[in-house]
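Have a look at the structure below before the remarks.
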Amino acid sequence: MEVEGEVELKELCRLEGHTDRVWSLAWNPAAGGDGVPAVLASCSGDKTVRIWRQNLAADSWDCTAVLDETHTRTVRSCAWSPSGRLLATASFDATTAIWENVGDDFECVSTLEGHENEVKSVSWNASGSLLATCSRDKSVWIWEVQSDGSEYDCVSVLQGHTQDVKMVQWHPVSDVLVSVSYDNSIKVWAEDGDIDDWRCVQTLEESSGGHTSTVWALSFNSNGDKMATCSDDLTLKIWDTSGSFQIIDDGHSPWRHICTLSGYHHRTLFSVDWSREGIIATGAADDAIRLFVEDKHSPIDRPSYKMILKKEKAHEMDVNAVRWNPKDPRLLASASDDGSIKIWQCSC
Amino acid sequence: MSEKFSPALRLADLNDFIAPSQGCIVSLQGGKTKQERVENAGSKPPQTDPVKISLKDCLACSGCITSAETVMLEKQSLDEFLSQINSEKAVIVSLSPQSRASLAAYFNLSPSQVFRKLTTFLKGMGVKAVFDTSCSRDISLIESCNEFISRYKQNHVNDGREHGSSIPMLSSACPGWICYAEKTLGSYILPYISSVKSPQQAMGAAIKHHICEKMGIRPESIYHVTVMPCYDKKLEAARDDFVFSVDHDGEGRLTPAELRIPEVDSVLTSGEILDLIQSSSVDFESLAEAPLDKLLTNVDEEGCLFGVNGGSGGYAETVFRHAAKKLFGKELPGPLDFRILRNADLQELTLEVEGEVVLRFALCYGFRNLQNIVRKIKIRKCDYHFIEIMACPSGCLNGGGQLKPKTGQTVKEAIQSLQVLYMQDVAVADPFDNPIVKGLYDEWLRFPGSETAKKYMHTGYHPVLKSVSSNLQSW
Amino acid sequence: MVSQLINANPVVYEIKDRPARVRQPAEEDEYGADPIDQQEIFDILSTVVVVRRLNHIRDIKDPEHPYTLEELKVVSEDAIDVDDKQSHVRVTFTPTVEHCSMATLIGLSIRVKLMRSLPSRFKVDIRVAPGTHATEDAVNKQLNDKERVAAALENPNLVDMVEGCLSKTYL
């Protein structure tokens, strides 16, 4: 997007309720926009998940549900199915729970066991037919949703990472999965009809322009031809799969490194999110939120990105998650070690 | 090294990040060294004796199974094998049919040719006998058939009224699966696992408990090596359950702990045997074909090999045929109709009597399929009667110890050619008709499921509890 | 695979006499006029106990003297960097033996102690002194991964060991 004039990030609301650090956030993709209240899920070290609904009349946010009594340890990550009917939550208790949204209530309809220890992240594919999870046990699992969403079959256990896998994220369009790890690498996984299983089709590591420390998170742009990754090495990296004429095995077009943003962050970057309008937000251990956009007027002859805003002291402690609302692309939510969630309005 | 183990083990336990010297504190638990008091500090030398961590310690611990080669290679290596050949011990090698097929594919020979040439090669080095684990596998299969019938009947008596843990019966030949079940799944799954020993351990028991006596050799004078398609088999051989003490003086006194005798002293993989062949200057293809040691080898009077179908031991198929006959009076002469379910590693086999399914069997290979099966068992939604479980995708022919596919060959093509080669010059035969096995029952084991058979051909499983020390080293 | 996993016979150093300082509870200090300095961090850490827990692993019934980080010179005052303005603390510790398997436990205890003692605004980095541990980078990476630390602190066995290191009174 083109950024004209001053960029601002205005704090609309501070959501209190969690009694420990808030690790992750997910906007319900089926809610919000056109006078419909937006719905946000948050998960925390207090072992609970909270559901927050926008109160349009009062211009506030209400906590409409607290999902507890299922996970026995930190809930690290949460993700809504594309229809918004199911919420998946990944926990340090080694399980992934599936909750069905029935009216205002949430019912735990399934618990996926199998990981050896902490589950770090969960993600639904674009059609909602597959679920991916990852864990400190170094593996990435792919589950197929059966019938009504209460039964799941494990279709693959992928063991390519050599360390703790921090996050998994499905491509927004195709059934390609990306995982990032404590082993500093990014791996791309796709189904291989030949072996009737999934396998790693690409590994992005230091030698391919990748990160030199733990990769904490990734985010795709809306059409999926670019992705951003962020790391403990204090950089944000942009990867591109368009304009690549070289096709490596079975039709997979490889990702290549196009840009590294370094010097902006001074402590670990925990979260990155790419808005529908092309604004990349990051959350970091320096308590700040930063916004970046592609610099169309860059004098250099290759893609370049520039920071358009640094919100110092966005929270009192580390910022663990930043998430743009899918319906209202100027609405940003952030979560922090300070136990709070904030809703921001971005204006530019 | 960890990639050589089966996927189940890799997920559960292998830890090649922490080297044993740095991370493993298992040996400390037994240490009784007194800490120096502050006032005496520095005045006395440390009293700690070096403690070695053995593979057995690793198996007993709920922490990692260290993949450090030092641990693994110490006892079960080619070097150890060579040094035993030059010792006073009688070295006996038992070859698995899967390894035979893998080597056959590599040398473009038939399984029978490989077996005979390998016999020539090994005996030339000083090996006393070369046996065939398809022979001991027939004992495992017969015992499995017998166990299944009694579990099925027991389940039928209960008729679902009380939740017994007899059905489904889960095969026990895959050590990767057993290790995963004990370390990770724990006590809920163990009662379902067949108590029958694997062909490797059945062979070990036959040699060290019976054959040696018959031949007038002390069991401790035998060094028994198996050749397997699988690295996990090394862990199986090291299990405490498969080590015994002998009564030396006939007065019931046990031998000292260091004289405890393993049924299988060492496991070498197909790949290690190829290394052995290649490190000698022998031209393997042109070696003479030796006669086979008929004592414990499935070879008939005409010199033809025989055994059951199925690259992972044919457990489901053999038990299915037996149960159909024994329980429902149905002889099933032709090939069985295995139906592929979600993928080729998950297949189903059913028997219908009067429109009702009375037997429902499955083949379940690879970690992902295993996961779905154990989850169904846990929530009691598994309607199979018997499941042949193998940790590796495609089963034992694709074990981690097998030779790599030839250049230009995909893994899939390699497995397909191995499956054909596996039975190339091997006649299909019913284990109950095996004359060697009949002989062993007559002179030793008495009958399937007898007390003697239970003592030597069955084993038990133990859940491994998480220890404090394993928490400390991995978080 | 020799069991030089712990220092069976550590060198114990004499504790330096220094004036005791009493600090008010953390909340009152937030952005307060009285900045946190090197010596204060050292005072916080100097009582953390290590050896007692080594014995716990060794033999639970073996009562032994606890050694503090100070007595073992695992932490010294000049290995602590404090920037109160930037709310930043860096502690560099020296494990007793190169292969000491307890390095991560010591580091974890230091982190927990500081987490409980310092105002929440502080960012804490903990490192093994360069060249003092065989797997320095791995230990550093694990100790500074807050997700791993958070998970470790939900493990009752580990928490038990950390608490043992942090309890001042000894039976």
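Quick reminder: no glycine exception, Cβ is built from N, Cα and C everywhere.
These come from TrEMBL:
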REPEAT    A:15-52  repeat 'WD'
REPEAT    A:68-100  repeat 'WD'
REPEAT    A:112-153  repeat 'WD'
REPEAT    A:158-189  repeat 'WD'
REPEAT    A:208-240  repeat 'WD'
REPEAT    A:312-348  repeat 'WD'
Hey, does the repeat 'WD' (A:312-348) touch the repeat 'WD' (A:15-52), meaning at least 3 C-beta pairs closer than 8 angstroms, sequence gap 6 or more? yes
Same-chain residues near the repeat 'WD' (A:208-240), Cβ under 8 Å, at least 6 residues beyond its ends: 166-167, 169, 171-174, 178, 180-182, 184-186, 255-262, 264-274, 276, 278, 280, 282, 292, 303, 305
In the same chain, who gets a Cβ under 8 Å from the repeat 'WD' (A:112-153) while lying at least 6 residues past its ends? 73-74, 76-83, 85-86, 88-92, 94-98, 100, 159-175, 177, 179, 181, 187, 189, 198
Counted with DSSP (H/G/I as helix, E/B as strand, rest coil), the repeat 'WD' (A:112-153) has 0 helix, 23 strand, 19 coil
Within the repeat 'WD' (A:312-348), residues counted as helix, strand or coil by DSSP: 0 helix, 19 strand, 18 coil
Over the span of the repeat 'WD' (A:68-100), count residues by DSSP class, listing helix, strand and coil in order. 0 helix, 17 strand, 16 coil
